[in-house]
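Participant: Got a structure for you, questions after.
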Amino acid sequence: MSPFTLLILLFSLGLGTIITMTSSHWLLAWMGLEINTLAIIPLMAQKHHPRAVEATTKYFLTQATAAAMLLFASTTNAWITGQWEIQQMTHPLPTTMITLALALKIGLAPTHAWLPEVLQGLDLTTGLILSTWQKLAPFTLLMQIHPTNPTLLILLGLTSTLVGGWGGLNQTQLRKILAYSSIAHLGWMTLIMQFLPSLAFMTLLTYFIMTFSTFLVFKLNNATNINTLATSWTKTPTLTALTPLVLLSLGGLPPLTGFMPKWLILQELSKQELALVATTAALTALLSLYFYLRLSYAMTLTMSPNNTSSITCWRLYSTQHTLPTATSITATLLLLPITPAVIAVMNY
């Protein structure tokens, strides 16, 4: 792909998201989502591999279904109430339909089945865009509408945390594990969205930082499955020592950055007298923690079998830039002390 084409696609990707985030009219928001989808499809299919083409086709069909459902629901809302404004959703039928359409767009359970399959067919760079930037526009729409049935978001959130933890247990492919991790984290955000939207958005940004560093680590090691991780110790020992901390941050263990959003979400759920929901979410986090520990074990405590007497892998020097990796890993590990400042900003 030529740099000029890539620049146009990336510009369209950013433009579609910004249009959706800044719009107050459903047709404009729908247009932004469509620009976003059409811009990422050439990026997904650029490898000309059967798996990439299959993943692109699945993604296109899923996003087209969600977009058609969203357009139908917003038209129904205009027909019933005479309103096209995003924040004027008052009727329960179109509001529920739009919530489910946006859940399908970002991959919330039970409409999650496309996400692991699509992510598995992509390279790590495109997978990173799909796991982070592509969630932003639908998520801001979800935050703007006020569901008439608050139980729906709680059910979607709990199902996603459970499916995200349960589905990743038996996986050996890193991209599928990261897809289930994405589903679980989105479940946490959905749980808190209607009570404290600022906390949900902060959780989304924290998830972006942690996922960015995880994808960059796997890209630097050229790793796509668990067995490949065992060879990373001889290639990049310092990075291998830091990666388990990044994975445990994704799992939400203190004193790492990933603990902050989970802690604040459980605290807010308890304030809303949803102790059972908070307990269930905390228990499902243990399922996710298991496969992060499994990756950490494979990366640091196992050695790949070597036929030669040498313990150092023969390799060419990597030409990849390591500054983004170093910056994102630092943010993934060390942002917990700023929690009081984050709370102050959210309450402002």
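Backbone N, Cα and C define each Cβ position, glycine as well.
Those TrEMBL annotations? Automatic predictions, nothing curated.
Got these off TrEMBL a minute ago, pasting:
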DOMAIN    23-287  domain 'NADH:quinone oxidoreductase/Mrp antiporter transmembrane'
DOMAIN    289-342  domain 'NADH dehydrogenase subunit 2 C-terminal'
TRANSMEM  57-80  transmembrane segment
TRANSMEM  151-169  transmembrane segment
TRANSMEM  190-218  transmembrane segment
TRANSMEM  238-261  transmembrane segment
TRANSMEM  273-293  transmembrane segment
TRANSMEM  326-346  transmembrane segment
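For the listed features, I'd like the structural context: burial, neighbours, distances.
Facilitator: Non-local neighbours of the transmembrane segment (273-293) in the same chain are 154, 157-158, 161-162, 164-166, 168-169, 171, 177, 180-181, 184, 187-188, 191, 247-248, 250-253, 262, 265-266; each lies 6+ residues outside the stretch with a CB under 8 Å from one of its CB atoms.
Residues 196, 198-199, 202, 206, 209-210, 212-213, 216-217, 242, 245-246, 249, 254-260, 263-264 of the same chain lie 6 or more positions beyond the ends of the transmembrane segment (326-346) yet place their CB under 8 Å from a CB of it.
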Participant: Six or more residues beyond either end and a Cβ under 8 Å away: which residues meet both conditions relative to the transmembrane segment (57-80)?
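Facilitator: Non-local partners: 26-27, 30, 33-34, 37, 40-41, 44, 89, 91, 93-95, 97-98, 100-102, 104-105, 114, 117-118, 121, 130.
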